[in-house]
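Visitor: According to Swiss-Prot, the protein has these features:
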- 1-93: domain 'Core-binding (CB)' (DOMAIN)
- 114-294: domain 'Tyr recombinase' (DOMAIN)
- ARG155: active site (ACT_SITE)
- LYS179: active site (ACT_SITE)
- HIS246: active site (ACT_SITE)
- ARG249: active site (ACT_SITE)
- HIS272: active site (ACT_SITE)
- TYR281: active site, O-(3'-phospho-DNA)-tyrosine intermediate (ACT_SITE)
Amino acid sequence: MVLDGFAAHFDAYLENIVREGKSEHTVAAYRRDLEELFALLAQMPSEAEGGVPQGLSRRDFTAALRRLSQRGLNARTLARKLSSWRQYCVWLVERGLLHTDPTADIKPPKQPERVPKALPQEWLNRMLDLPVDGGDPLAVRDHALFELMYGSGLRVSEIHGLNADDVYLDEAWVHVTGKGRKQRQVPLTGKSVEALKNYLPLRQTASDGKALFTGRNGTRLSQRQIQKRLAQWAAQNGDGRHVSPHMMRHSYAGHLLQASRDIRAVQELLGHSSLSTTQIYTKLDFDHIARLYDEAHPRAKRQDE
């Protein structure tokens, strides 16, 4: 069966990307995407015969994408899945296990431009300036976590992966391992340094003692736990609005761009490999400028106001 030949090297491929240093989260995502692809291809009649993967065609992969689209998956998710499939096909071609990449000329679904949601700067300042119960280690930890999240614009995966020795309080910077294991240094705000100094003496540690943010049992906080703590904090102290780590990162980027106008510096701080990824925040900046214009310029007001 054609599919058997195509899927036969699946485990070897996963072992290879583990050796390349991909994170557990990335490897798990590749596994899910490829297992889903194999299941979809198994439901399709193939024109080829024999036990080699050569018979799979572009048509098979576009049909798989179409079925996922019919299930309601959005363009962004479909594009990510196609990327996972393509990387597997390229790996097979490079090793002589596949003559050509059947996904090579498949264009990913066009994604609508999404402007990130940023939280109001005044709201964030008010929330982060709320009194912290110094007798509650979890409250002190969460305050340091949220200050770092907004003050340095880290991804939730990056915060999850931080170790205590990644933080340099005297120099006011943090060593971050980002996507693709890329390393960068990000400055710490004065508020973050103060919050971390309050938290570190109270930090619970397990046997290895490495993780920066830990739970009561001393083990590293999971990404889901970080998301949950942030949502609970916002719900209990805010005005009912939904808050996520991604929104905190978007707020950091948008507010920094408004203040600095230096998109290259913001790109470096965010750990974006491509400037085009950072450029979406210029839309946030334009919205801010447009509001100021409407409020301040005498010719911007409508006649009926």
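Keep in mind that glycine also has a Cβ here, set from the backbone N, Cα and C atoms.
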Visitor: Give the number of CB atoms, excluding that of ARG249 (active site) itself, located within 10 Å of its CB.
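Guide: Within a 10 Å radius of the Cβ of ARG249 (active site) lie 22 other Cβ atoms.
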Visitor: At the level of the C-alpha atoms, what whole-angstrom distance separates ARG249 (active site) and ARG155 (active site)?
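Guide: Approximately 7 Å lies between the Cα of ARG249 (active site) and that of ARG155 (active site).
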Visitor: Please report the DSSP secondary structure of HIS246 (active site), reduced to three states.
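Guide: It is helical.
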Visitor: I want to check the contact list for ARG155 (active site): same chain, sequence separation of six or more, C-beta distance under 8 angstroms. What comes out?
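Guide: Non-local contacts for ARG155 (active site): GLY178, LYS179, PRO245, ARG249, GLY271.
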Visitor: From the DSSP assignment alone, can you count helix, strand and coil residues within the domain 'Core-binding (CB)' (1-93)?
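Guide: Grouping H, G, I as helix and E, B as strand yields 70 helix, 0 strand, 23 coil.
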Visitor: Would you count the other C-beta atoms found within 10 angstroms of the C-beta of HIS246 (active site) for me?
Guide: 13
Visitor: So what's the average pLDDT for the domain 'Tyr recombinase' (114-294)?
Guide: 83
